[in-house]
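A quick write-up on the structure given underneath.
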Amino acid sequence: MVLPIYTFGHEKLREETEPVEENSEELQSLIDDMVDTMYAAAGIGLAAPQVGRGERLFVIDVTPMADEIREEGQEIPPQPMVFINPEIVAESEVTCDYEEGCLSIPDVRETVTRPEAVRIRYLDRDFEQREREVSSFLARVIQHEFDHLFGVLFTDYLGSFRKRMVRRSLRKIADGEVEANYPLVTAEGERV
Ligand SMILES: [Zn+2]
């Protein structure tokens, strides 16, 4: 089931999530819905707060970037991937710049600097504990989604000049003046 996506300005996006205590049918159906929602919105990642939920959980599917990732000599794990209760246990000192966007912030894209590689520990959707080192594009997507679980958005990282440049766009989204080709919940709670 495709769920509406909460947009910038909605308080749900700023709340810290709670660790998931146990596997359940409800959790599995939330995961299915989040994957459906990500695909319906043509996204490559989606975190629970973006559909108004408080579980510490995100999903990704980087298949659209497969060529780019393989060109860097990286293997792509089977997609989609589910990360429950993730922890970033190490990050590289080396950083890189990459242009990011977010389904919750339609039509805003900005360059963000982040560690080039991270080691992430998490439960997969079968509740098996996993740990993997990811770099480059995969690390980028994972860090962006991980941030959502702690109320952090990519626009928070912009310097004061770039922040000023996007302020108007963000204000419009927060005021509900936003359109996308997927269902939205704006700060007023209305569906667009
Ligand atoms: Zn996002």
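Keep in mind that glycine also has a Cβ here, set from the backbone N, Cα and C atoms.
These figures come from a predicted structure and were not determined experimentally.
His148 (Fe cation binding site) falls within a helix when secondary structure is assigned with DSSP. Within 10 Å of the C-beta atom of His148 (Fe cation binding site) sit 22 other C-beta atoms, taking all shown protein chains into account. Among the features that TrEMBL reports, Fe cation binding site is placed at Cys102, His144, His148.
Taken from TrEMBL, the feature active site covers Glu145. Within the same chain, residues at least six positions away from Glu145 (active site) with a Cβ under 8 Å of its Cβ are Gly45, Leu46, Ala47, Phe58, Val59, Ile60, Phe83.
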For this session: Enumerate the residues of the same chain, Cys102, His144, His148 excluded, that satisfy the criterion Cβ within 8 A of the mean position of the Cβ atoms of the recorded Fe cation site; list them in sequence order.
Result: Gly45, Ala47, Gln50, Glu100, Leu103, Ser104, Glu145, Asp147, Leu153, Phe154
